[in-house]
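J.: So TrEMBL has the following annotated:
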type: DOMAIN; residues: 15-107; note: domain 'Ig-like'
type: DOMAIN; residues: 112-198; note: domain 'Ig-like'
type: DOMAIN; residues: 217-303; note: domain 'Ig-like'
type: DOMAIN; residues: 308-392; note: domain 'Ig-like'
type: DOMAIN; residues: 398-485; note: domain 'Ig-like'
type: DOMAIN; residues: 489-580; note: domain 'Ig-like'
type: DOMAIN; residues: 591-689; note: domain 'Fibronectin type-III'
type: DOMAIN; residues: 694-791; note: domain 'Fibronectin type-III'
type: DOMAIN; residues: 796-892; note: domain 'Fibronectin type-III'
type: DOMAIN; residues: 894-985; note: domain 'Fibronectin type-III'
type: REGION; residues: 673-701; note: region 'Disordered'
type: REGION; residues: 878-900; note: region 'Disordered'
Amino acid sequence: SKNNKLCLCNTLQSPVFTKQPGSIVFPVDSMEKNREVVFSCEAQGDPPPFYRWKLNGSLLNSKPGSHHSLSGGNLRINHLNKEDAGTYQCLASNSFGTIVSREASLTFAYLENFRSHKRSSVSVREGQGVVLLCGPPPHSGALTFSWIFNEYPSFVKQDSRRFVSQETGNLYIAKVEPSDVGNYTCVVTNTVTKTRVQGPPTPLILRNDGVMGEYEPKIEVQFPEIVQVAKGSTVRLECFALGNPVPSISWHRVDGVPFARKVDVRKTSGVMEIPYFQQEDAGTYECVAENSKGRNSVQGKLSFFASPQLIEKPQDVQKAIDDSLVWECKATGKPKPSYRWMKNGENLEPTERVQVINGALSITRLGLSDIGMYQCVAGNKYGEVYSNAELRVIAVAPDFFQNHLKSHTLVKEGGDVLIECKPKMSPRGTISWRKGNDALRESSRIVILESGSLRISNTTKADAGTYTCAAHNQFGEASSSGNLIVKEPTIITTAPNTLDVTVGESIILPCQVSYDPSLELKFTWFFNEQLIHFGSHGGYFEKVGGQHSAGDMMIRNIQLRHAGKYTCAVQTKVDSSSIATDLIVRGPPGPPTSIHVEEITDTTATLSWRPGPDNHSPITAYTIQARTPFSLGWQAVSTVPKVVGGSHLTATVIELNPWVEYEFRVLASNAVGTGEPSKPSKKARTKETVPKVTPANVSGGGGSRSELVITWEPVPEELQNAAGFGYVVAFRPFGATGWMQAAVPSPEASKYVFKNETILPFSPFQVKVGVYNNKGEGPFGPVVTIYSAEEEPGRAPSRLRAKSLSAFDVEVYWKALPWSTSKKRVLGYELRYWEKNEKEDKASLLRTVGNRTMAIIQGLKGCTTYYITVRAYNTAGTGPPSPAVNVTTKKPPPSQPPSKVMWNTSNSKIILNWEQVKPLENESEVMGYKVSHIFFRPSIMETNTTSVELSLPTDEEYIIQIRPFGEGGEGSSSRQITIPKISVFSVTLSFRNHSNMLI
């Protein structure tokens with residue numbers, strides 16, 4: 001017993017394959033160079049496994065001197081010969097048993113030479129079909145075939161007329177042509193050994209007894225009636241026919257199912273390939289050969305098969321002696337797999353105790369002799385799969401080492417308790433109980449279960465005490481004890497309740513309990529059976545119970561989504577209890593649903609809807625809002641009835657604009673507030689009607705000679721009331737009785753020009769603008785007075801003079817024309833100026849407004865001559881120009897900034913000095929300097945010397961710049977100088993050539 005226990009607790013392991021042998025095809029041609037192969041085999045286990053090998057079911061001799069040797073688990077075969085071909089299996093064994101690997105074969109690939117050295121001629125007529133036989137020599141391993149025409153390397157190219165079968169190697173020519181005459185040689189290649197041999201040439205000659213007539217196809221290359229195809233493999237079917245004309249080959253499934261995209265049909269070479277073959281690809285396939293003389297076909301069935309795949313495997317198991325074992329083993333495959341079982345590498349034969357039924361192994365009355373390694377082998381004619389499992393049979397005396405009784409078991413008074421007794425023993429023996437020193441008697445409350453555990457129902461204080469479980473079998477006995485402690489029950493004293501609150505309020509849900517004070521309480525809250533995590537949920541939930549016996553919860557700022565069932569659960573080590581509170585939350589109504597426009601006119605729309613949830617407060621009113629493409633969002637609308645009560649589910653919206661697309665939505669209100677709006681209704685357009693709104697701001701005037709210009713603000717689309725909107729412009733000379741009218745059909749139009757040579761300049765007209773659309777004419781707007789176009793000023797201003805102010809500015813004076821409201825009004829003057837070397841059409845313009853007679857032209861070039869003219873203008877255009885005058889701007893100001901700027905302090909003064917600026921030859925002379933300084937506020941001082949005095953800054957720093965000026969204007973400025981606040985010391989700083997300060 002003691003040894004068995006130790007054996008089960010260590011790390012010993014039965015053998016498990018980590019590498020198994022694979023089949024080998026060995027080229028015979030390589031045996032001269034390398035006559036050695038190695039089958040791999042590796043297994044894990046503790047103790048480490050030792051290895052043996054079987055060949056064709058018999059153990060191999062791998063002793064020294066044999067040409068079979070082991071390297072670890074690998075089998076090395078030296079000095080190969082053909083007798084080594086066969087099926088090999090690796091056996092791995094340790095103290096737990098033996099397992100057998102899958103089968104691996106060793107075969108030899110070879111290709112012998114053709115034995116015949118000469119073949120007879122084949123004589124055919126032109127147009128006849130012919131088959132040239134290859135007859136490959138003895139071989140082992142897959143072959144490929146090709147044919148040489150006359151001499152190497154001229155190989156026969158396959159097409160619709162010529163075909164080389166990769167099954168037989170034969171060459172088929174559907175219809176012989178004169179160009180086919182020659183010698184044909186079959187070339188055979190072994191794909192394993194890469195050996196290539198050539199057969200003797202076969203001469204093909206034409207008979208001279210005429211040309212073969214046309215005949216129907218004769219299929220010479222066809223596939224078997226039944227082809228077994230493995231799952232996942234590629235199947236290749238061949239079909240070729242002789243005939244005149246050359247037959248065409250086509251393929252299809254007899255059941256009419258179209259080919260999958262993976263199917264490769266090569267019509268020119270008579271081959272169909274189906275890669276990755278699956279169950280759905282199985283079926284009957286037909287090859288059809290046809291020409292103008294007839295049609296022929298062959299059929300064959302592709303049958304799907306799959307080697308076994310295990311879907312349920314036996315697992316390692318540990319059983320007690322005399323127990324029973326059932327191991328399931330199931331595999332898929334086609335055909336359906338059969339099963340056999342092996343024990344320690346040998347086939348397991350059925351006995352009275354050992355049975356194999358549908359792959360399941362059952363063993364009754366287990367004994368120590370049944371210990372070992374078992375393998376389930378599932379196989380069909382396409383392969384076998386192995387699965388390993390270890391059986392351990394144990395026989396031990398009772399032992400509580402790993403499963404002692406609990407030292408303390410707690411139960412509430414009146415509750416039920418189960419004291420488990422689970423000793424380890426094999427075989428299973430008897431179990432008895434005692435309380436204290438007395439044997440325990442069973443009753444309706446006290447029951448010893450079949451498992452050996454003790455159940456006590458409706459526990460009382462008298463049940464407390466020490467309980468002992470004793471176990472016994474033929475190998476020995478053992479016992480274990482524990483104490484049962486009976487506690488006061490936990491009871492929630494708060495009664496179930498239903499609470500009613502309003503959105504935004506806060507409430508406390510109580511949870512008070514009585515309990516055994518020696519136990520620790522844990523409160524947990526659930527909302528609609530989902531655990532509440534305090535600190536999350538947006539901070540709405542908070543524990544507020546201040547006593548050990550209270551687990552109250554507060555809900556702050558209650559929302560509609562907080563309505564539901566709240567459960568307080570109380571738990572101790574002994575028992576648990578819970579209580580539920582239903583919370584009703586009253587809030588604004590939910591959004592109404594099913595908004596429909598029942599009827600619509602040009603200015604009204606009748607709506608219907610269904611109420612949304614009232615959220616426990618009756619709906620008192622509904623509000624209707626509308627939206628159009630022209631509105632800024634949703635707008636409240638007028639309705640009939642004016643106030644839509646909560647019992648109404650329909651209303652009529654009034655005062656809508658005709659021919660406008662509307663969307664409507666409804667909001668419900670109750671005593672708590674107004675809820676969310678409904679989803680918008682489907683868009684609906686009001687009916688058309690004649691227009692009622694006329695254009696605003698009708699005015700005009702200006703334009704060209706003999707024109708009356710009338711302008712207005714277009715009527716917005718939402719006020720046009722129908723399609724085909726336009727304007728009617730009516731006008732007449734002031735004092736006339738009849739109206740002239742003109743239609744303007746564009747709704748975007750804002751202007752109409754009436755031109756007539758009889759219109760006198762600046763004549764008053766009465767004008768009104770009306771509207772119309774497809775439904776008819778609307779009203780005219782009020783009558784306004786508009787003047788026709790006036791004439792351009794007829795005279796030029798006189799006494800034009802120009803004076804240069806600087807290098808960039810020129811001042812211009814002229815004498816104004818008489819100001820009047822006559823037909824040739826003057827609204828202002830237009831100056832034109834251009835450089836001497838430019839043409840007048842390049843002139844720049846400057847306009848004045850009113851009766852001004854002076855202007856300054858800015859932004860000119862220095863030292864440049866300009867020509868200037870002036871003319872009057874009004875709405876009709878400009879009048880004749882004055883004679884041009886010329887003026888030359890002054891030389892530009894100095895471009896060099898002041899340099900060597902220095903400053904120092906003396907008493908309460910700052911003295912600034914700088915070097916005289918010398919102008920360049922094309923620059924104006926320096927007349928002085930402007931010193932700008934910021935001290936509290938900006939200030940400028942002028943000087944004609946090169947120094948200034950400033951007050952010493954005490955509270956603020958100085959920011960100073962110096963620039964020269966002359967008759968050409970202001971020159972370039974020195975760099976900005978900052979003078980800090982100074983109190984007790986003086987410093988002299990210098991700037992040179994825009995550089996920074998120098999000390």
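Here the Cβ of each residue, glycine as well, is placed from N, Cα and C on the backbone.
Unlike curated entries, TrEMBL annotations are predicted automatically.
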J.: Who are the chain neighbours of the region 'Disordered' (673-701) in space, where the CB to CB distance is under 8 Å and they lie at least 6 residues beyond its ends?
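T.: Sequence-remote neighbours of the region 'Disordered' (673-701) are 503, 587-593, 595-597, 600-603, 605, 607, 609, 612, 615, 623, 625, 627, 634, 656-667, 708-715, 719-723, 725, 727, 767-782, 784, 786-789, 875.
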J.: Excluding the flanking five residues on each side, which residues at least 6 beyond the ends of the region 'Disordered' (878-900) place their CB within less than 8 Å of a CB in that stretch?
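T.: Hits for the region 'Disordered' (878-900): 792-798, 800-810, 814, 830, 832, 836, 860-872, 913-915, 917-920, 922-924, 926, 929, 946, 962-975, 990-994.
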J.: Could you put numbers on the helix, strand and coil content of the domain 'Fibronectin type-III' (694-791), residue by residue per DSSP?
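T.: Secondary-structure breakdown of the domain 'Fibronectin type-III' (694-791): 3 helix, 49 strand, 46 coil.
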J.: With a cut-off of 8 Å between Cβ atoms, can you find at least three pairs linking the domain 'Ig-like' (15-107) to the domain 'Ig-like' (398-485)? Only pairs 6 or more residues apart in sequence count.
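T.: Between the domain 'Ig-like' (398-485) and the domain 'Ig-like' (15-107), which are separate recorded stretches, there is no contact, as judged by 3 or more close Cβ pairs.
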J.: Restricting to the domain 'Ig-like' (217-303), report the mean pLDDT as a whole number.
T.: 91
J.: Do you know the DSSP helix, strand and coil residue counts for the region 'Disordered' (878-900)?
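T.: Helix/strand/coil tally for the region 'Disordered' (878-900): 0 helix, 7 strand, 16 coil.
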J.: Within the domain 'Ig-like' (398-485), how many residues are helix, strand or coil going by DSSP?
T.: 3 helix, 46 strand, 39 coil
